[in-house]
Amino acid sequence: MKSSNDFLEMLEELNPRLSGVLPELIYGFSSDSRKIKEGFAFSVLKGTQQDGKAYITEALAKGARLLLCEEFLDVAIPQICIDDIRKANALLADLFHAHVSENLKIIAVTGTNGKSSTAYIIQYLLNHLGKSTAIIGTLGRGLGGEMKASALTTPGAEELHSFFAEVAKGGAEYVVLEASSHGLDQQRLYGLGFEAVLFTNLSEDHLQYHGSMENYFSAKKSLFDDYDSKIKIVNSDDAYGKRLRDSQTKVFSQDPDSDCQVLQNSVKLEGTECLLPQLLGEYNIYNAAGAMLLVKEILGPSYVGKIKLAMEKFSGIPGRMELFKKNNGAQVIVDFAHAQEALEKVICELRKNCREKLSIVFGCGGDRDPARRYGMGEASDLADEVILTNDNPRSEDPQQIINDILSSKKKEARVIFDREQAIRLAWEELEPNDCLLIAGKGHEEKQIFKDHIESFSDRSLCRKLIEEESSC
């Protein structure tokens, strides 16, 4: 519950204009009409797919007594008109959760690839070093070892600040979050201050939303330009990372003069080399380097030895180059790669150690940038055998998604829409020294169709197939 004066004071920077007499007390707010209760304010947010104006009647029926909007509406209810409704949502979410974010040390990781892995390693290191650390992102949300699924990489402001309050109550000192380009562009993090921010890399993705690579980069860059952060970490081997670098930025790269050097299978931090044989792929060495540098900058150089020891005990990241083995010795890797560059990197990395046939099972998500499909199709030609299958077709026709992928491929591919059947067949065909990549879903545990959602996990299926082999 907040007074209308509290409301207006919080929104002062957004040039609030009033219509009608504001209620003396406001008991909450939401941009979701389903969550409105008696005495709440309803934030009329225009999303990419839905317009909040369509839900005003429902919000009023549930007890909304105030509207927040970017233009005055022809509705007989008090209104506050503001310049940016998304920024207002973030500020009010902070207000109604008693500014709990100010008591947390928040770390944000952004980039195209490696956000989840880097954030996961940061949380692992901080927890291992005695700092109670929560995480929220693609791999889920939670404090310590308790993780719940997260629908969005970067949740909306209301959900995010609710999470802050939950983990602060649970004793969290740090929170690691993934800052997606959508989340940054839509001001979901507005008003936050950061202990540290980190940039991994940038490659073509989400152009259906952003329109151009420069717009995409600008969204990522805003984390460095528009927010206060004590520490800024950048991958300076990335072309876009170079553009973020300044005199205050700490960098990780292959350059021996960098703050953290990326080597072939190790990282050198403050002159101390840490071997990382458990991390498959050069890009995972980069992820580890960024995470280790960030933690060192937060905790200080005296922690370098402890960081090294912690990383030597690190067992890996769920659904990120996760290795399973058939009884005949063939290797099966489950990875989240779901864009062209990521898939190319994974296939090229596996090719280094695959002595015989390299196969891949993958699909592409529906209701996502169609350009991904053509890029993924091209990348899959690097493999010897390809089976195309479903990967969260959502509202789209699975056949159309497959057709889009096939249109960019030069090599032939088999099509098996049922993902379990596709993986089973590829598994059964594996000979000793073969390698199978199951790409696209990684840690995910659901398959999303137009009219239903099924429980499904590539990782769980691999375990099941190993058990079936062992029982024969």
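Cβ atoms are placed via backbone N, Cα and C, with glycine included.
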Annotated range (TrEMBL: motif 'Meso-diaminopimelate recognition motif') out of 47-50, 247-250, 391-394, 467-470:
391-394
With Asp391, Asn392, Pro393, Arg394, Gly440, Glu444 listed by TrEMBL as binding meso-2,6-diaminopimelate, identify the candidate in Arg368, Arg414, Arg424, Arg463 belonging to that site.
Arg368
When the pLDDT values for the motif 'Meso-diaminopimelate recognition motif' (391-394) are averaged, what is the result?
98
Sort out the sequence-distant neighbours of Ser117 (ATP binding site) for me: same chain, 6+ apart, CB within less than 8 Å of its CB, listed by position.
Asn284, Asn287, Ile317, Arg320
Let me make sure I understand the structure: which of the binding-site residues listed (Asp391, Glu444) has the fewest other Cβ atoms within 10 A of its Cβ?
Glu444
Radius 10 Å, atoms counted are CB only; among the binding-site residues Gly111, Pro393, which position scores highest?
Gly111
Measure from the CA atom of Asp391 (meso-2,6-diaminopimelate binding site) to the CA atom of Lys115 (ATP binding site) and give the result in Å, rounded to a whole number.
21
Which residues, given as numbers and ranges, are at least 6 beyond the ends of the motif 'Meso-diaminopimelate recognition motif' (391-394) yet have a Cβ under 8 Å from it?
338, 362-367, 401, 419, 440-441, 444, 446-450
Let me know how many other Cβ atoms fall within 10 Å of the Cβ of Arg368 (meso-2,6-diaminopimelate binding site).
20
Name the secondary structure element type, per DSSP in three states, that contains Lys115 (ATP binding site).
helix
